[in-house]
Amino acid sequence: MPTNFTVVPVEARADGAGDEAAERTEEPGSPESADPACPTPGDGNPRENSPFINNVEVERESYFEGKNMALFEEEMDSNPMVSSLLNKLANYTNLSQGVVEHEEDEDSRRREIKAPRMGTFIGVYLPCLQNILGVILFLRLTWIVGAAGVLESFLIVAMCCTCTMLTAISMSAIATNGVVPAGGSYYMISRSLGPEFGGAVGLCFYLGTTFAGAMYILGTIEIFLTYISPSAAIFQAETADGEAAALLNNMRVYGSCALALMAVVVFVGVKYVNKLALVFLACVVLSILAIYAGVIKTAFAPPDIPVCLLGNRTLANRNFDTCAKMQVVSNGTVTTALWRLFCNGSSLGASCDEYFVQNNVTEIQGIPGVASGVFLDNLWSTYSDKGAFVEKKGVSSVPVSEESRPGGLPYVLTDIMTYFTMLVGIYFPSVTGIMAGSNRSGDLKDAQKSIPTGTILAIVTTSFIYLSCIVLFGACIEGVVLRDKFGEALQGNLVIGMLAWPSPWVIVIGSFFSTCGAGLQSLTGAPRLLQAIARDGIIPFLQVFGHGKANGEPTWALLLTALICETGILIASLDSVAPILSMFFLMCYMFVNLACAVQTLLRTPNWRPRFKFYHWTLSFLGMSLCLALMFICSWYYALFAMLIAGCIYKYIEYRGAEKEWGDGIRGLSLNAARYALLRVEHGPPHTKNWRPQVLVMLNLDSEQCVKHPRLLSFTSQLKAGKGLTIVGSVLEGTYLDKHVEAQRAEENIRSLMSAEKMKGFCQLVVSSNLRDGASHLIQSAGLGGMKHNTVLMAWPEAWKQADNPFSWKNFVDTVRDTTAAHQALLVAKNIDLFPQNQERFSDGNIDVWWIVHDGGMLMLLPFLLRQHKVWRKCRMRIFTVAQVDDNSIQMKKDLQMFLYHLRISAEVEVVEMVENDISAFTYEKTLMMEQRSQMLKQMQLSKNEREREAQLIHDRNTASHTVATARTEAPPTPDKVQMTWTKEKLIAEKHRNKDTGTSGFKDLFSLKPDQSNVRRMHTAVKLNGVVLNKSQDAQLVLLNMPGPPKSRQGDENYMEFLEVLTEGLNRVLLVRGGGREVITIYS
C-alpha cells in the first residue's frame, strides 16, 4: 500500500520566515548548519542508479580546467557537457533481437552491432512484396473469383487490403515513434501495450508465422503432386471417392519430408536462405509479369484451350481425348472414349448413364480472352455445396430423375462447400506479410523513414495486383474453369498457368520456388520470434527456448517451431490451415491498431511519431475491421484464438510480469482509482512514460491571494490537461490559529485554477515556519504513484531587497531539496511577463540553450508547450555551446541527427565561445558581489542601513555593467567602496560585536576576489552575452540551471551568478533535471 515519509526537524531552529512561500528564511545571526567539508543531501547532484543519469561514484576534483563553463564545473561528473555527449547520442546502434533491453542495460557495455546498410527498396519494399504475394495468388485466387464472382471477390480483396493498409498506417506511427531495435513487430506491440498484451499477441504472431510455414509447405507439395509430377504420389485411390483421402495422405508424407528438409537447411545455413531470398522474389515477379503478358495476348490471340461440357456440367479431361459421344472413322460411326466412360460397353446399344443420354456434349474455350464478353457471366457469385457439379450458367440441361452421383464418372466436382465468409478466411493470408520490413528494422539505414514508405508502397502495389487480377481473371477465363480448383478440365494443368505467357511452366516453376522460399522464410523468422519472447522472460516456461547455439541461432525454438508446423501439415489441407493463421494474424493486426489508438488518445509526451498521416479513428477502424474479419472468417476459430490469447494474458499477469517497457496500458492506470494507484506504486515510470507531474509552489500575500497568477497559466499551458498537477502553498503559524486563513487561501487558489481551466489538486500546508512547510510539500505531496516529479516556482525577484537579508536561503534550500528528492526544478523568471491562456503568439521562437545534459528536459518542455494554442505557432531553436577544441560542424550534424531520432523539429545552431581573458568588468562585478557578502556577514546593521548598503552596491553594479557594454574596455576596479555610515557608528558596531574580530572589516577594503568566483562570474557574463546576442527577442528562453555550491558558504554568490546569467532577458525558464532521463530516442 502507498507509504509516505516526511523528514521533519528534530531540534528547534531559529529560522524566521520571509515573505515568500517558496523562499527559505533564516534569522540573522543563526549559525550555519552545514559543514563545507561534509555537504548534505541536495548539494550538487543526486546519486541514483539507472534510469537516473548520474552513475558516477567517484568525485573528480579537477574535471574541468577552463574558464568558460566554470559555473557548471561542480556538476560535470553527472551532467556532462553537450559537446562531449552529442556524438554518442546521435550515433546510436541498434540492439539485436533478444538481447537485454536497452532500458535495463544502461550501465553495462553495449553490444557492438554491424552498421545497418539496407535502404527502403531492398530492406522493406521487396521483402514485403515477397511475403504478401504467394501461394494463394497462384493456387486459389482464380477459384475464389469463380465462386464469389468478380464483385464479391473484389469486395473480399478490398476489405482485406483495407485492413492491412490501416494496420500499416498504425504500424508506421509506432515504428516512427523512436528507434526500433531489431525485433520488429513483436517489439513494437509488446513495448506499446505492455508485457501481458505483448506476450499474448507475440505468441499469437509466432503461431501465425508457424502455421504460415505449414501453409506454404502444403502449397509447395500441392504444386508438386498436382501439376509437376502427379506420378510421384505414394498413395493411389482405388475408387473416385478415395481420391481426396489419397491426396491428403500424400500431402502429409511429402509435407513432413519437406518440413524436415527445410528445418535442416535453416539449422545448418540460415545465411543461404537469406541469399536465396532475391532468387525466390525474382520467381514471384516473373510469374506475375507472365500473367499480365498472357492477359494482353488473349486480347488479340486467345489460346486454344477446349473444355468439354455434358449438358451444363463440366467434364474432367482425363481418359478421353475427343469431346464427343461418337465420331466418324472410315465412313463409319464409332463410339469414343468418353462414351465408354458413361456406358457399360462400346456398342451403340450399350446401357448408358441417363444424364449422358439426355444431354449433348459441347466444347467451349476455357480462356476466350478479354474481348469475349465473358466478364458479365462471371460478375455474380456461384456458391455450391461439397460434391456439387461445376456447371456453366446459361446453358440448357435436361434434368434427370436420378439424383445419385455414381462414382467413376469424369465430372468436375467441388471438394468443399463454398460461401462468402469461408472465402474471406482462405484469402486473408495472401495479404499478410506486411511486417516483413519491420522485422528487419535492425538492418535498415533509417528505419523511421523506410518502414512506412516501403510497407505502404508494397501494400499499394500488391493491392493493385490482386484487384487487377480479379478483374482480368473474370474478363478472360470461363466461369467453369475458374471454379475448377485443380484444373481437371484442363488435363490437370494449373488454371493461372494456362493464362500465362509464354508457357504454363513459368507459373508452375515460379510458384513452386516462391512457396518453397516463403516456407523457408517462415521457418527462419518464427524461431527468432519465439527466442525474443523467451528472452524477455515474461513467460517462464518458455525461457528454455531463449537458448541456442553459440552464434545465437535459436536451436530449441526451431525444434518447437517444426513440431507445431507439423501439426499444420498433418491437417494436410491448405483450405483448412489458411483460416487458422488468418485468426492469429488478424489478432496481431488488431492489437497493433489498438496500440496506436491508445497511445494517440493518451497523448503521452513520448508519443511523437515522425509519420504524421495517422489518426486514432483510423486505428480504431482498423481494429474494428480486424475483429469483424476474425468472426467473418470463422467465429469458432476466432473464439478459440481469443481464448488462447486471454489465457496467456492471465498467466503472465498471474506470474507477475515484472517488466517495465513504458507501454501505453501503464498510462491508463493513472486514470483509475485505487487499483491503478497500487499498480503504479512500484518504482519510477519508464523513460517513455515520463511526463512532468508538477508541484506548483505558489506565494500568497497577506490577504491569502496568489501573488503570481500567471504561474498557473504557464502550468496549464505546459500540462494541457494531462497528468498530475498539485498546487501547493505554505502559511506560517499553527493550524489551530490559521485554519480559517488556510481555508480562504485554498478557496482562492481553487477559484484561480478554475479560471485558468487547470485540472489538478490543491494542497496547502500550515507550518511554524515557511522553510519547513515548503520542505514538507516537496517530500509528501501526492499519493502513491500519483506523486510529483517536478517542482515549478517563480524566481524571487526581490531577493536582494527582502526584509530578511537571508531570504535567498529559502530559494537555495528549495533547489537542494528538489535535488535530494530526485525531482526536476523549473524556475520561471519574470513570471509576470509570461502569457495568459487567452493570449496567442502569432510568431516568435522558443530558444533552448542546452549547455549540459541533465536528462533531456530542455528538449521535452518546448515540445509540450507547443501543444498548447498559446505557443503553437512558435518555432523551436536549440543552441549549444562549443569550446575551442570542439568540432562545431560535426556537433551540429550530431545534434540534428539526435533531434531526428527524438522526432522533434527544431532549428539547430552551435555557438562557439572563445576562451578569452577575464574582463575587468567581470573582475569588478565579482569583487562587488564578495564585498556585499562580507559586509552583510561581518556587520550587524540596522534594517534600513542594511537595505541602503545592499541597494548602493546593486546600483553601482548595474551602472558599471551599463558602462562595460557601451564601451569596448570596462572601467578599472575602484580602489575602495564608499560607505554611508560614520566612523563613530563603525566603532560602536565593532565594540558591540567583538566576537567577530577586528580584522574582518579592515580586510574588506583590501579584499581580492576569489579566483573560483571570478571564473564562475566569467561563465555567467559570457553566457549571458551570447544568449542576449541570439535570443533577446525570443518569446521564451530555456536555460540549464547550474546547481547550488556544495559549500553553503557561497549560497549568496550563487544567487548573483543566476541573476547575471539571465540579465536582460524577458521570459526565462531555468531548468534543472531531476537526475534521470526523461526523453528517449527509442520506441
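Glycine is no exception: its Cβ is also placed from the backbone N, Cα and C atoms.
What you see is a predicted model, and the numbers here were worked out from it, not measured in a lab.
What Swiss-Prot says about this protein:
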BINDING   Asn131, Ile132, Pro429, Thr432  K(+) binding site
BINDING   Val135, Pro429  chloride 2 binding site
REGION    1-51  region 'Disordered'
TOPO_DOM  1-119  topological domain 'Cytoplasmic'
TOPO_DOM  143-149  topological domain 'Extracellular'
TOPO_DOM  173-196  topological domain 'Cytoplasmic'
TOPO_DOM  226-249  topological domain 'Extracellular'
TOPO_DOM  301-419  topological domain 'Extracellular'
TOPO_DOM  441-450  topological domain 'Cytoplasmic'
TOPO_DOM  474-504  topological domain 'Extracellular'
TOPO_DOM  532-554  topological domain 'Cytoplasmic'
TOPO_DOM  599-612  topological domain 'Cytoplasmic'
TOPO_DOM  652-1083  topological domain 'Cytoplasmic'
TRANSMEM  120-142  transmembrane segment
TRANSMEM  150-172  transmembrane segment
TRANSMEM  197-225  transmembrane segment
TRANSMEM  250-271  transmembrane segment
TRANSMEM  272-300  transmembrane segment
TRANSMEM  420-440  transmembrane segment
TRANSMEM  451-473  transmembrane segment
TRANSMEM  505-531  transmembrane segment
TRANSMEM  555-573  transmembrane segment
TRANSMEM  574-598  transmembrane segment
TRANSMEM  613-635  transmembrane segment
TRANSMEM  636-651  transmembrane segment
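A Cβ distance under 8 Å defines the sequence-distant neighbours of the transmembrane segment (250-271), meaning residues of its chain 6+ beyond its ends; these are 213-214, 217-218, 220-222, 224-225, 233-235, 519-520, 523-524, 527, 553, 555, 558, 562, 565-566, 569-570, 572-573. A Cβ distance under 8 Å defines the sequence-distant neighbours of the topological domain 'Cytoplasmic' (599-612), meaning residues of its chain 6+ beyond its ends; these are 169, 172-178, 192, 448-449, 452, 619, 662, 664, 667-668, 687-691, 720, 722, 860, 863-864, 867, 902-904, 1079-1080. Under 8 Å from some Cβ of the transmembrane segment (555-573) lie the Cβ atoms of residues 207, 210-211, 213-215, 217-218, 248-249, 251-252, 255-256, 259-260, 263, 266-267, 523, 526-528, 530-531, 534, 544-549, 580, all in the same chain and six or more residues away from its ends. Of the candidate ranges 120-142, 150-172, 505-531, 574-598, 613-635, 505-531 has the most C-beta pairs within less than 8 angstroms of the transmembrane segment (197-225). If you take every residue in the topological domain 'Cytoplasmic' (599-612) and average the pLDDT, you get 85. Between the transmembrane segment (505-531) and the transmembrane segment (636-651), the number of CB pairs under 8 angstroms, six or more residues apart, is fewer than three, so the stretches are not in contact. Taking the Cα atom of each, Val135 (chloride 2 binding site) and Pro429 (K(+) binding site) are about 9 angstrom apart.
Around Thr432 (K(+) binding site), the C-beta neighbours below 8 angstroms that are at least 6 residues distant in the chain are Asn131, Ile132, Thr164, Gly208, Ala212, Leu581, Phe585. The transmembrane segment (150-172) and the transmembrane segment (636-651) are not in contact, since fewer than 3 Cβ pairs between them lie under 8 Å (pairs 6 or more apart in sequence).
For the topological domain 'Cytoplasmic' (599-612), residue counts in helix, strand and coil come to 4 helix, 0 strand, 10 coil, using DSSP.
For Val135 (chloride 2 binding site), the count of additional Cβ atoms within 10 Å of its Cβ stands at 26 [all protein chains shown]. What surrounds the K(+) site, by Cβ distance within 8 Å of the Cβ centroid and not counting Asn131, Ile132, Pro429, Thr432, is the set Gly134, Ala212, Ser430, Val431, Gly433, Ile434, Phe585 from the same chain.
Annotation for Pro429 (K(+) binding site): spatial neighbours Ile136, Ala212, Met215, Ala578, Leu581, Ser582, Phe585, criterion Cβ-Cβ under 8 Å with sequence separation of six or more. In this chain, the transmembrane segment (574-598) lies close to the transmembrane segment (420-440): three or more C-beta pairs between them fall below 8 angstroms, excluding pairs fewer than 6 positions apart. Secondary structure of the topological domain 'Extracellular' (143-149), assigned with DSSP and counted as helix (H, G, I), strand (E, B) and coil, comes to 7 helix, 0 strand, 0 coil. Residues of the same chain lying 6 or more positions beyond the ends of the topological domain 'Extracellular' (226-249) and with a Cβ under 8 Å from any Cβ of it are 407-409, 415, 486-487, 492-494, 497, 508, 512, 572-573.
Among residues of the same chain six or more beyond the topological domain 'Extracellular' (143-149), those with a C-beta under 8 A of the stretch's C-beta atoms are 156, 378-384, 418, 420, 423, 426-427, 470, 473-474, 477, 479-485, 495. Every protein chain shown contributes to the tally, and the Cβ of Ile132 (K(+) binding site) ends up with 27 other Cβ atoms within 10 Å.
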